[in-house]
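J.: Take a look at the following structure, please.
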Amino acid sequence: MSELEDAYRLEYFEEEGFTRQECASCGVHFWARVDRETCGEPPCDDYAFIGTPGFDETYTLEEMRETFLSFFEDQGHERIEPYPVAANRWRDDVLLTQASIYDFQPLVTSGETPPPANPLTISQPCIRMQDIDNVGKTGRHTMAFEMMAHHAFNARDDADGEYAYEGEVYWKDETVEYCDRFFESMGVDPTEIVYIEDPWVGGGNAGPAFEVIYRGLELATLVFMSMEQDPDGEYEMKDGNRYSPMDTYIVDTGYGLERWTWMSQGTPTVYEAVYPDMIDFLTDNAGIDHSAAERDLIQEAARLSGYLDVDEIDDLASARAAVADELDVDAAELTALLEPLEDVYAIADHCRTLAYMLGDGIVPSNVGTGYLARMVLRRTKRLVDGLDIDAPLDELVDMQADRLGYTNRDTIRDMVRTEERKYRETLERGRRKVESIAEEYAERAEPIPRQTLIELYDSHGIQPDMVADIARDHGAAVDVPDDFYGLVAARHGEGGDTESADERDTRLADLPETERLFYDDQERIEFEAVVLDVFEREDGYDVVLDQTMFYPAGGGQPADTGTLSTDETTVEVTDVTRRDGVVLHRTADDPGKGEFVRGRIDADRRFSLMRHHTATHIVGHAARQVLGDHVRQAGAQKDTDRARLDIRHFRRVSREEVKEIERVANELVRDNVPVTQEWPDRHEAEAEHGFDLYQGGVPPGQQIRLIHVDDDVQACAGTHVSRTGDIGAIKILGTEPIQDGVERLVFAAGEAAIEATQDTEDALYAAADTLDVDPEDVPETAERFFQEWKERGKQIDRLKEELAEVRAAATDADAVDVGDVAAVIRRMDADADELRATANAIVDEGAVAVLGSAAGGSAQFVVGVPDDVDLNAGEVVGQLAGRVGGGGGGPPDFAQGGGPDVDALDDALDDAPDVLRTIRNT
RNA sequence: GGGCCCGUAGCUCAGCGGUAGAGCACCUCCUUUGCAAGGAGGACGCCCUGGGUUCGAAUCCCAGCGGGUCCA
């Protein structure tokens, strides 16, 4: 780490008279214009702005954002619109946007695509779930925040590769100077600013960085991203990995909008500065009312709250006690005073988090970002209930959604209400389950075991403290282990990383990118090309051409098939893939390197895939119109006879909605609008259409291909029909839930739609034929038949009872004396039900019943014994069944059994009297 | 995407190889007519679907469908 020391010696520091100093308390190195004892950051120093704002003027959140952005605009930066908080919309390695630099990873930072502007400034909404436990308690942590930033993307002049930007815009000195100047524009005395050296590591990159401290508060972080992970790298960073310099180097700054606003107001906590209206509403509603003395105490405690960071202290209670000690008040009293306020702060923050998430189209679910949204919502709900706030949660979230300017507020509220209902149901289910378990253990005077506790949480989502509460009411003890969540994690085991060793074919890397002709004319099926190379594979050959009409598998569209012909031979193309821009045609035979070939693709297959692909766009578009703007693609797969589109939605799609989607989709087909493609600059496309472009993933490159169908625009590499009318018809075949929050729509397009409809009709006609009614009468008739069938079942049961009684009445005839009781031994070939009923009837007459049957292909016995007779029916059956090669058993008064040897049945029954006598006598 | 739990009467669930059960709700009668009333009787089940194991499956195994939950 010390190897980086030189990286912090800036000319700017020299010119401005900064000196490098070491904190007497924590030992970190920092730069300041005047000599200091400590680094300025808690716990080495206290907050020095609570009640005494640190800037000349006070700002609201909106004013501060605007001030920052226009300051950097004046310094030559272009202002960029913020990205969604759902970062998985443009990258697959993270779920949520946690910093402004996320917007530009990985394609811009690696130099593959250019930034939307350079340099640029932005205020990016972010969500950091890892801060969730700190929210409300420290006074400065928020889960949702805006990171104001300016970025500059530089590439080394001596770099080997080609990069989407070149040269140096600016680097460390300018970045620190901008920071100083922005502080000065706020009226800050520059001698109070401290730059702490704090190397940064994250996401495979690293570099030197400064934390910027003013009056005890970290207001900005200036990161100089310049290294990438490299096992042979010369620098070892704090994460234990080695890093080496990279060809691009990037200024990555983060100015916390909320903290700057807070600094300007000097309120006890950041929350009061950021959303004062909501805090007022919540405190009022929760009935929190403080005396002047209490308010003073709260303010005093706030000054010291910087010590409370649950990540850095062992025990919140003792840290709180230390604060109480300092203020000379009772710790319990202080806690009682602060805790409701902390919950109010947390609620306001969580509601903002939810507004961002749901507003940006995250649908609550059991996976991915949806699961995070669900967790936040449930936590918020618990806090709201804990404070007895009677405003509905959807209204609280809506207050933040309104403030943040979202337009889909009705959908947001709908999703919140749906989630609340699901949570309530889960809690009710859990309560019943825990109650019955608690009663059981209370009765046995045992504590509820850990294993049960863990299972309740893991399988039913019931928090251990809730189990403890309910158990106490029922008088059962619970032992909640300290490392409870660790035990849960252990239950899940280790998730092994699967490494994909992608062996690069050097011959392949030397080949030029294959020209893709299918974009020029998507309906052509023949072309000519030159075979550039042929790779022998285990099961055939991969043929590389200079240009091709074959579509390689991708974007949920399967590859084309067809033939490649030379003058001498024709080879079948069975699969087509694309690697690093090179299209590989899999064939059974080698057409010959350097040969001139005519390619011909299977037109029926391709056109069917095209119809399904365009239909997928249309169905998605229609679903968005019918279900709401939050609907987006979660996956898609096209085939020749059907396609499926997985969409994010917070409810099952009803039959009515399916019909409506189908109607809207077919309307678009009948309108016969043109389907067009274009290759605009990616940033222009993003600016014009937003990230909803990337329904099927984010393509690399400076230019991206867009497909327009009516108002629908998507980045898409697939092949499409030229007019919607070419699809013919779209038939939605069904829906199925893929996971919570994701519904699959299965549909067929064109001829496949007709065939699918015919298949459905065939099934109906077959049913109608069997029932011998008209197709339209099938539902009614089926209903009637089913009712009648059930009625007959009952009737048969009644008749069997009667029959059994009649049979039993004839007992005397073939009764045998077995000691002092009578036994009826009889063969009657009937099913098990009848045997049982008859045996029961005989037992009611006071006799032992031994019945045998060969019905149903096997020998069966039923033995019944009256209450007052000392004979074990199970033993009898066991012995008899043994004689027919099987087994049996049951309770002492009524047993059943049998075996496969039907021929031995009569002999077994003949032996039955002896068996009975023997068993009675032993 | 992975793990775990659950599908039985209208509802909530028990039963976990041997004749399908309880509470609530429902219907009839009695007693009362005071806030979850009491008593007697009654009706109500493709035990999610399809395979397998077994003499025998609601019960065990496999697959599917449906619901829930935890984790990444």
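Cβ atoms are placed via backbone N, Cα and C, with glycine included.
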J.: Given A:558-582, A:883-907, which one carries TrEMBL's region 'Disordered' label?
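T.: TrEMBL lists region 'Disordered' for residues A:883-907.
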J.: Starting from the Cβ of A:H613 (Zn(2+) binding site), draw a 10 Å sphere and report how many other Cβ atoms land inside it.
T.: 26
J.: What is the average pLDDT across the domain 'Alanyl-transfer RNA synthetases family profile' (A:59-759)?
T.: 88
J.: Sequence gap of 6 or more, C-beta under 8 Å: which same-chain residues meet both conditions with respect to A:H720 (Zn(2+) binding site)?
T.: A:Q522, A:M610, A:H613, A:T614, A:H617, A:V675, A:Q677, A:I707, A:V709
J.: Excluding A:H613, A:H617, A:C716, A:H720, which residues of the same chain place their Cβ within 8 Å of the centroid of the Cβ atoms of the recorded Zn(2+) site?
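T.: Nearby residues not in the site list: A:M610, A:T614, A:T616, A:V675, A:I707, A:V709, A:Q714, A:G718, A:T719.
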J.: Around the C-beta of A:C716 (Zn(2+) binding site), how many further C-beta atoms are within 10 angstroms, looking at every protein chain?
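T.: The Cβ of A:C716 (Zn(2+) binding site) has 26 Cβ neighbours within 10 Å.
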